[in-house]
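Down below is the structure, laid out as structure tokens.
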Amino acid sequence: MRNSCKKARRTRPLKATIQALLVAIATMTFFFTSDIALPQSAAAYPFWAQQTYPETPREPTGRIVCANCHLAAKPAEVEVPQSVLPDTVFKAVVKIPYDTKLQQVAADGSKVGLNVGAVLMLPEGFKIAPEERIPEELKKEVGDVYFQPYKEGQDNVLLVGPLPGEQYQEIVFPVLSPNPTTDKNIHFGKYAIHLGANRGRGQIYPTGEKSNNNVFTASATGTITKIAKEEDEYGNVKYQVSIQTDSGKTVVDTIPAGPELIVSEGQAVKAGEALTNNPNVGGFGQDDTEIVLQDPNRVKWMIAFICLVMLAQLMLILKKKQVEKVQAAEMNF
């Protein structure tokens, strides 16, 4: 009996590890094959960061890991109240501005609109408010946006997206503040909030490979001897650029559908020189702000102190007028 219990204990962690690996492999397989087999819009997938960096989306340097795949820097902003009371619902507004007239390449090379995505790191204890706590007016601002935690049991780090950028250049998060009186791990004070937000597809896949939303360069120095156009079974067009080096060796660089070739046959190129334009019109941005979890008793005492100061000033004014009257009476006497 004891041996069976020991075996069960040993196999539980093994089963959990195998299950996690299978889920990760299935997820990555789905997204990579869907890019090839099922052409889709230019999307921003923040949960790729979740798969690659499962513990936290923020590096020790302070950089959000989405920047590893989204190489272009673009603005992003998060707005929150300066201070909030415990156990109250407030809104955090994430702004991801861009020119909606812009279009970029999808996985099949076609031009499509941009999607947006974001990761919002709230202080410990802060989380998305339950639906019954959200006011009706705030529900309208939030819309049909779905928020998910970055990690199971970590409700203060939130993922959202991909969402259509034309509709969601501003994303409203309904946030519930914690109550230190019921949670002893939470304390009143000032806390940091971190945002990472992107519009459009990344330039690098989590595997390190370039997406077709990137600049492709020559892998060797030499002369372009041939540019061959190929079409796969799905109708996606790509180019094979043959470069003959000075030693006579031929190197072939593959250019996927999307980027436009800026070279021609017979042209001399150097290693690292661009063979295509840069099709990327999106980018990633970070923003940091602070919020104060205010003690309501401190607010009450502050109001009482202000009232006391005002009362003291009033008494001084009355006393001054009284002294002036006495002095005037003595002068008349």
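A Cβ is built for glycine as well, from the same backbone N, Cα and C atoms used for every other residue.
For reference, Swiss-Prot has these:
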type	residues	note
SIGNAL	1-37	signal peptide
TOPO_DOM	38-298	topological domain 'Cytoplasmic'
BINDING	Y45, C66, C69, H70	heme binding site
TRANSMEM	299-319	transmembrane segment
TOPO_DOM	320-333	topological domain 'Lumenal, thylakoid'
Is it possible to list how many residues within the topological domain 'Lumenal, thylakoid' (320-333) are helical, extended or coil according to DSSP? 13 helix, 0 strand, 1 coil
Using all protein chains shown, find which of the binding-site residues C66, C69 scores highest when you count other CB atoms within 10 A of its CB. C66
Suppose you look only at the topological domain 'Cytoplasmic' (38-298); what would the mean pLDDT be? 90
